[in-house]
Amino acid sequence: MSCVMKLLLIQHGDFCHGRAMLPLAPFLLRALSSGPRVSRSLRESYQLLQLQLPDEGESSPAQVKEAYLRMAKLYHPDTGAATADQALFARVEEAYRAVLVHQSRLQSRGGSAEEDEDEKMRGAAPQHRHYLSYEGVGLGTPSQRERQYRQFRVDRAVEKALDYRQKEHQTVAAAEEGAVRQRSRQIKLTQAVERLVEDLIQESMSRGDFRNLSGAGKPINKFEHNPYADPMTHNLNRILIDNGYQPPWIVMQRDIREDIAKVREKLEQGRARLSDPSTPREHAQWQRLCGEAGEDLKKLNKTVDNFNLIAPMLSMQMVHFSLEREIARAGKAALQGRRERKREREREWEEQRREREREREKREETKTSKGSGQLGLIARVLSWLK
């Protein structure tokens, strides 16, 4: 366009000086009538993105972006597609930037014929300056490039979110498929076990193993204990009980009672050995015994927590055992034992006293009986002498 303007100025000057430049007229008319010319590289960029050329029609920015995304999904090396090609994707990216530059300049300058000269100047400028910021995205002023880069980041985030959701859906679908397969295998295994048990029962019946049973021909006591219980549940429970089976919570409850009984017996025996004014040695032994009991109660409280988790009813749950309460309980038991021993001693003393009184009475009776016998004998001798 600058060359055309120079020619016009030259022609205008020549006319002013009275000289006409007729050989330049066709060239000037052709230059003024023709629109903006497109370079070969820009045409190749439009063709690579499968867009209409500028002289054939205008492509909107949305169409350009859609074409770029379509080509990127085909040739990007990270997509994992069969058509992925790093070199071809690099060409597509360069073509996309070139088309964006062309459209932005068409919009800013109204499609003037100076585009070719600007393209040449842009080609002569250092190429690396375009990539110094914003990842090489955007054109125009820094503020415009910043807005374009923000939009680019938003689009990239949306694409990554969509890819992530797709992968999540695929993972969930694979997990559900695996669960279905696992359930199907379990069902097949259960059915196989049931068929095996049924075959064994039929084989035993064919051999006659069920002919000489003790309860053959007798009614089954279905409602032996609870008439409101399910017969099947009652029979299963009876079989388990006959074979020595006990639920875990019952076994744990029994262990807790046995352990707390041992701890209480140890405390009561230690407290009973203490004299009323305890000596320092006895006090030290009692403190050591209380420490051992505290450690045992800590372990026992952990067992109580486990029991409360598996107890079938809330009313069966237990509370923690306290060392202070057990010590007070042992003190009361020791005091009661002393009182009982004191009453036993008093009872023994009373029995011994009564035994001594009975013995003394017997001795007195024997003495009196002997004295009366002697007097009678003397009287009988005197009467015989008379």
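Placed from the backbone N, Cα and C atoms, the Cβ positions cover glycine too.
Curation does not apply to TrEMBL; its annotations are automatic.
Under the heading compositional bias 'Basic and acidic residues', TrEMBL lists 343-368. What TrEMBL records for 44-111 is domain 'J'. Annotation source TrEMBL lists region 'Disordered' at 107-126, 333-374.
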* Structure fact -> Rounded mean pLDDT within the domain 'J' (44-111) lands at 79
* Asked: With DSSP, how much of the domain 'J' (44-111) is helix, how much strand and how much coil, in residues?
  -> 44 helix, 0 strand, 24 coil
